[in-house]
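Since the structure comes first, as structure tokens, the remarks are kept for the end.
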Amino acid sequence: MSGERDVSFDPKEHQHLRYNPLRDSWVLVSAHRMKRPWAGQVEKPPEEHIPRYDPKNPLCPGNTRANGKVNPDYDSTFLFENDFPALQPDAPDPGVDQHPLFQTRAARGICKVMCFHPWSDVTLPLMKKQEVVKVVDKWVEILEELGATYPWVQIFENKGAMMGCSNPHPHCQVWASNFLPNEPALSDRCQRNYFEKHGEPLLLEYARQEAERKDRVVVENFAWLAVVPYWATWPYQTLLLPRRHVLRLTDLTTEEREGLADIMKQLLTKYDNLFEVSFPYSMGWHGAPTGPHLKEDNSHWQLHAHYYPPLLRSATVKKFMVGYEMLAQEQRDLTPEQVTQMFPQKFIYF
Ligand SMILES: O=C1CCN([C@@H]2O[C@H](COP(=O)(O)O)[C@@H](O)[C@H]2O)C(=O)N1
């Protein structure tokens, strides 16, 4: 393998590997596979008519939740402790097994649910920009509060029944843990290694490069840009990046928070226009670890958000991360550059 590019190589036609520097792993890109016939599973299209208020929905204002608590008649964001938490502040310690192959650790934390809006029939792209700014402000507030003690606060949104979202009301979840979960721990190692080798944050250089190269930029504004990452695994995966070096959501200026609300509305509107459905995804924020790490040097970190949508070729055909992806490595059919071109250039958003 000479390392020289073969003049006949065409990434849209010829399989190749791409390196994901945030996970130290390789993705197999086989764009030509998109042409294969599909007789596999077809999902139900996303539920179109969702009532603005459902007296039975435990996330709606004034309604009673599973544990008997009554929600306030909230008119903006609303945060409550998850009634079915995966992590609780206190739990008996599992003890330590001396055998290296049977290790256990105590897991403690707190799980919250955050409603974005009182209405069930809106999504972030359909909310007014100022209402989305309130969501960003609440994320910052939660991170400030839980990040004071917990080393990791995972803000994440499962959107759409296809992504296992159990309730159509616009909301996200926040799980704070007394441990650094696998994905942020891997990302921390990768960003630290890059910083030690190159002297600057990996994702700051990456954002500069993508802003210059342009062929994977989905949408950008003065403070942010959203790209289909060069190493994207999920077909329509995007990465949301600040242009400035920012460690955590709590470090954003007021203008950057407004810019974030703007770029999220633009990105999510483009997603909704892809297949003309309310686009399903799981998204989450990764910033420098918190709690005891607040007093450490985390200059290798750059705040960013991952959007992982499940769809492959239409509103009802999903990408399945099975078989080769589980046993060998991640594989994708379209190139990130082809996907970038599929996002509508012209779109209306308010
Ligand atoms: O009465 C309820 C209903 C749902 N929930 C919680 O709301 C969360 C909804 O989030 P998901 O749609 O991402 O599953 C879910 O974790 C569920 O446990 C309550 O805490 N109380």
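Even glycines carry a Cβ here, placed using N, Cα and C.
These come from TrEMBL:
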- His171: active site, tele-UMP-histidine intermediate (ACT_SITE)
- 33-36, Ala66, 82-83, Asn158, 164-166, Gln173, 319-320, 324-325, Gln331: UDP-alpha-D-glucose binding site (BINDING)
- 9-181: domain 'Galactose-1-phosphate uridyl transferase N-terminal' (DOMAIN)
- 189-341: domain 'Galactose-1-phosphate uridyl transferase C-terminal' (DOMAIN)
Exercise. Rounded to an integer, what is the Cα-Cα distance in Å between Cys165 (UDP-alpha-D-glucose binding site) and His171 (active site, tele-UMP-histidine intermediate)?
Worked result: 10
For this session: Counting Cβ neighbours within 10 Å across all chains shown, tell me which of the binding-site residues Asp83, Glu325 comes out on top.
Result: Glu325
For this session: Report the binding-site residues (Arg33, Arg36, Asp83, Cys165, Lys319, Glu325) that meet this criterion: Cβ distance to the nearest atom of ligand 1 under 6 Å. Use sequence order and write none if nothing qualifies.
Result: Asp83, Cys165
For this session: Find the one among the binding-site residues Arg36, Asp83, Lys319 whose C-alpha lies closest to that of the residue listed as 'active site, tele-UMP-histidine intermediate'.
Result: Asp83
For this session: Identify, in sequence order, the residues in the chain of Arg36 (UDP-alpha-D-glucose binding site) that are 6 or more apart from it along the sequence and have a CB within less than 8 Å of its CB; answer 'none' if there are none.
Result: none
For this session: Let me know how many other Cβ atoms fall within 10 Å of the Cβ of Cys165 (UDP-alpha-D-glucose binding site).
Result: 17
Seminar exercise, completed: One residue among the recorded positions Arg33, His171, Lys319 has the fewest other C-beta atoms within 10 A of its C-beta, namely Arg33
For this session: Compute the average pLDDT of the predicted model within the domain 'Galactose-1-phosphate uridyl transferase C-terminal' (189-341).
Result: 96
